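Chemist: Starting off with a structure, shown below.
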Amino acid sequence: MFSKPIKPILLSIGLGASLALAGPCDIYASGGTPCVAAHSTTRALYSSFSGALYQVKRAKDSATTDIHPVSAGGIANAATQDSFCSGTTCLISIIYDQSGHNNHLTQGPPGGAANVYDNLSDATAAPVYLNGQKVYGVYIAPKGGYRNNKATGTATGDGAQGMYAIFDGTHYNNQCCFDYGNAETSSLDTGAGHMEAIYFGSCSFWGSGAGSGPWIMADLENGLFSGQGAKLNSADLSIKWRFVTAIVKGTSNLWAIKGGDATSGSLSTYYNGARPSGYNPMKKEGAIILGIGGDNSNSAQGTFYEGVMTSGYPSDATESSVQANIVAAKYGTTAGSATTTKTTTKATTTGGSSGACATLYGQCGGIGFTGPTCCTSSTCKFSNDYYSQCL
């Protein structure tokens with residue numbers, strides 16, 4: 001059973017007001033484009049929110065508990081999860097919607113591409129830090145994902161919406177499709193324009209950006225788009241940041257892609273213009289997906305920390321203020337620091353010379369995902385078949 005979310009009381013603020021007093025959804029509301037979905041396992045996205053952020057389910061007895069922020073508007077209480085999951089494993093069973101629309105994300109159901117339920121995420125597989133304090137992201141391996149096919153308040157038809165998400169810029173693949181955003185309510189491919197979601201990864205089958213990726217693109221159904229055309233947009237740059245702010249927004253025959261380093265600086269615009277041929281008007285259906293495609297294509301992978309969907313087309317000024325808020329949250333990979341870490345692809349060997357060695361994707365020394373990592377059994381704790389954390 002879902003715990004009833006606390007409906008946020010929006011602050012009366014202008015875009016020039018102190019960001020320390022406002023969360024991302026307070027900022028969107030002050031800009032006239034309120035959040036209709038707000039998901040995060042790392043922090044509250046409203047200054048007044050003190051309800052449940054997510055739920056974990058432990059293996060030993062199938063018991064569940066909700067994880068709240070440590071205080072209203074604060075970061076997630078990771079200590080609650082650590083205590084509850086001590087001596088066993090836990091999965092993230094629900095990612096609660098903070099917007100008051102009850103658009104919670106749960107295990108993705110079977111769909112047209114993968115006719116099976118998607119796997120839930122290991123609750124401890126993506127530890128990071130906010131302002132030096134430990135929190136957990138949502139690590140999604142292939143065959144994993146979350147969905148809500150009965151969302152309310154989300155954009156439908158050619159309605160305007162905005163979306164942002166914070167991803168791990170080093171955890172991706174070239175498969176379809178690691179998405180967050182608006183999708184079909186049937187888990188089936190119902191045609192071009194029936195989706196509008198943020199995509200992150202290096203899949204280049206439909207479209208691509210400069211370099212080898214990963215890129216921020218839009219999944220509009222029957223295509224991943226980096227711009228108006230179906231293929232290359234050289235202005236859509238490959239991402240090199242450890243923590244990535246990814247934005248896609250759309251309205252009548254106009255849409256945009258933006259991105260930036262979630263730990264410093266401002267946003268860059270990678271595309272701003274007309275819809276691709278065959279995608280105007282849009283036919284959005286309003287479901288919400290995370291980690292999968294609209295038809296439950298579930299071969300992709302990635303890590304999600306926070307994201308929202310809005311009613312209306314956010315202004316550039318609003319998005320700039322949201323980015324400043326994200327930077328101020330101080331995402332980092334080590335306790336006591338919030339330094340950004342660039343993507344690296346070199347293989348890293350850790351541990352001693354004895355013991356069985358397994359090559360998996362690893363997170364070592366606080367650096368983030370470093371590619372294939374060889375770890376000895378005495379120095380590794382395996383979270384699942386795709387991930388290891390070197391101790």
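Each Cβ is built from the backbone N, Cα and C atoms, and glycine gets one as well.
Quick paste of what TrEMBL says about this protein:
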| type | residues | note |
| --- | --- | --- |
| ACT_SITE | GLU221 | active site, nucleophile |
| ACT_SITE | ASP295 | active site, proton donor |
| DISULFID | CYS25-CYS35 | disulfide bond |
| DISULFID | CYS85-CYS90 | disulfide bond |
| DISULFID | CYS176-CYS177 | disulfide bond |
| DOMAIN | 356-391 | domain 'CBM1' |
| SIGNAL | 1-22 | signal peptide |
Chemist: Since the record lists CYS25, CYS85, CYS177 as disulfide-bonded residues, which of them has the fewest other Cβ atoms within 10 Å of its Cβ?
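Modeler: Comparing Cβ neighbour counts within 10 Å for the disulfide-bonded residues CYS25, CYS85, CYS177 gives CYS85.
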Chemist: If we count other C-beta atoms within 10 Å, could you say which of the disulfide-bonded residues CYS35, CYS90, CYS176 has the fewest?
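Modeler: Fewest other Cβ atoms within 10 Å, among the disulfide-bonded residues CYS35, CYS90, CYS176, is found for CYS176.
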Chemist: Would you mind checking how many other C-beta atoms are within 10 angstroms of the C-beta on ASP295 (active site, proton donor)?
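Modeler: I count 23 other Cβ atoms within 10 Å of it.
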Chemist: Could you tell me the mean pLDDT over the domain 'CBM1' (356-391), as a whole number?
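Modeler: The predicted confidence over the domain 'CBM1' (356-391), as a mean pLDDT, is 36.
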Chemist: CYS177 (disulfide bond) to ASP295 (active site, proton donor): how many Å between their Cα atoms?
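Modeler: Cα-Cα, rounded: 10 Å.
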